[in-house]
Amino acid sequence: MLSNNDFIPLATRMRPGCLEEFVGQSHLLGKDKPLFRAIEKGKLHSMILWGPPGSGKTTLAEIIAQKAGARVESISAVLAGVKDIRDVVERAERHKGQATILFVDEVHGFNKSQQDAFLPHVEKGTITLIGATTENPSFQLNNALLSRTRVYVLKQLTEADLLSILENALANEERGLGKKALEIPEPLRRRIVQFADGDARQCLNLLEIIADFALEENGRFVVDDGLIDKVLTEGLRRFDKRGEAFYDQISALHKSVRGSDPDASLYWLSRLLDGGCDPFYVARRVVRMASEDIGNADPRALQLALDAWETFERLGTPEGELAIAQAVVYCACAAKSNAVYKAFNAASREVKSTGSLEVPLYLRNAPTRLMKSLDYGKDYRYAHDESDGFAAGVDYLPESLIGRRYYFPINRGLEIKIKEKLEYYRKLNEQHKTTEDSKN
């Protein structure tokens with residue numbers, strides 16, 4: 001016969017009710033940590049709990065409220081609006097003798113005006129705000145709200161953490177699966193934990209599904225590889241297409257390419273694609289890497305990156321992903337230079353600081369008689385008619401910027417040759433200047 005407990009999800013039944021049952025986050029909840037001491041003493045302060053799904057944000061908020069003997073009002077930023085916040089505040093004011101905690105799940109979902117609605121009530125102490133978010137608060141929450149709260153970063157649970165949670169659920173007869181006599185060999189437990197990818201809720205949900213499908217043999221419910229294979233059909237990676245993990249992984253890919261590590265580059269590329277990242281986005285980023293971090297040290301990298309982009313457009317997933325992988329490996333192994341990147345930034349800063357300086361007359365086009373009469377294009381020297389294809393002594397910058405340099409090629413790859421050629425041209429300019437000075 002089914003009990004009422006059987007209709008409650010295992011993850012809910014096994015939710016810790018006190019700090020002693022809470023698994024993980026020892027950097028916050030160690031006995032010598034400020035947050036642990038504050039919770040134990042029942043001291044409340046507004047906070048943002050930032051961490052990945054299944055890391056314990058909601059559970060921790062409930063434990064904090066229970067320890068403080070506070071009323072709890074819970075809303076989801078995805079569904080609630082300013083009116084819901086006002087209703088919570090009104091109820092809190094009617095219960096002034098008892099602290100009110102407003103727990104806001106997915107708090108990053110509130111826009112600026114909704115976030116501002118909290119501020120006066122947090123400042124007056126009418127409510128204590130505990131917001132939970134999977135997104136970086138510095139990007140998603142306004143400064144006024146952040147300045148009135150403390151941000152606590154919850155880490156992804158380790159495999160050891162999840163094993164502890166799983167084994168507790170298997171052993172617990174009151175809230176868990178202890179009465180079912182479920183037998184899961186150690187290697188299969190680790191497969192479940194690895195599949196859950198740091199998410200305690202996901203781990204327990206998987207365990208519950210496995211328990212439901214397990215077949216009884218002589219009074220025991222045995223789990224084998226076949227059952228695990230059926231349940232664990234598709235990985236759920238720690239990834240959000242526009243969340244913190246997304247940008248972390250893109251950053252890791254870019255830095256691995258820049259650091260000339262093809263193996264790490266392939267790993268992070270695979271993580272992104274496995275997590276559902278748009279391959280076109282990755283292809284665009286690889287083009288950026290080819291320009292920013294390789295540049296003229298190996299111009300073939302840019303062409304290969306563009307070819308990979310086009311190849312993916314033609315082939316799609318999954319065949320076209322190999323072309324992106326090829327470009328990533330080439331870029332990781334190519335000679336590196338950020339000289340063009342730095343030069344372009346320097347030139348852009350110059351333009352912003354100096355404004356619209358005039359183009360020298362001899363560099364201007366003169367398609368009409370009037371322009372020619374105004375000396376447009378006068379004394380311009382056509383470089384192809386000069387020795388070495390270089391018009392020594394000609395200045396191409398505005399007069400006030402003559403002599404300014406932005407591009408400094410380095411001693412790697414093709415830029416070695418570029419550097420030699422530019423040094424040769426500078427010597428020709430110096431010789432021309434010396435010759436002109438001697439004439440005067």
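Even glycines carry a Cβ here, placed using N, Cα and C.
These come from Swiss-Prot:
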- GLY51, PRO52, PRO53, GLY54, SER55, GLY56, LYS57, THR58: ATP binding site (BINDING)
DSSP-derived class (H/G/I helix, E/B strand, else coil) of PRO52 (ATP binding site): coil
Local Cβ density at THR58 (ATP binding site) - other Cβ atoms counted within 10 Å: 17
Secondary structure of LYS57 (ATP binding site) (DSSP, helix/strand/coil): helix
Fewest other Cβ within 10 angstroms of its own Cβ, chosen from the binding-site residues GLY51, PRO53, GLY56: PRO53
Fewest Cβ neighbours within 10 Å, where candidates are the binding-site residues PRO52, GLY54, SER55, LYS57: PRO52
Additional residues around ATP, ordered along the sequence, whose Cβ is within 8 Å of the centroid of GLY51, PRO52, PRO53, GLY54, SER55, GLY56, LYS57, THR58: LEU49, ALA132, THR134, LEU154, ASP199, ALA200, ARG201
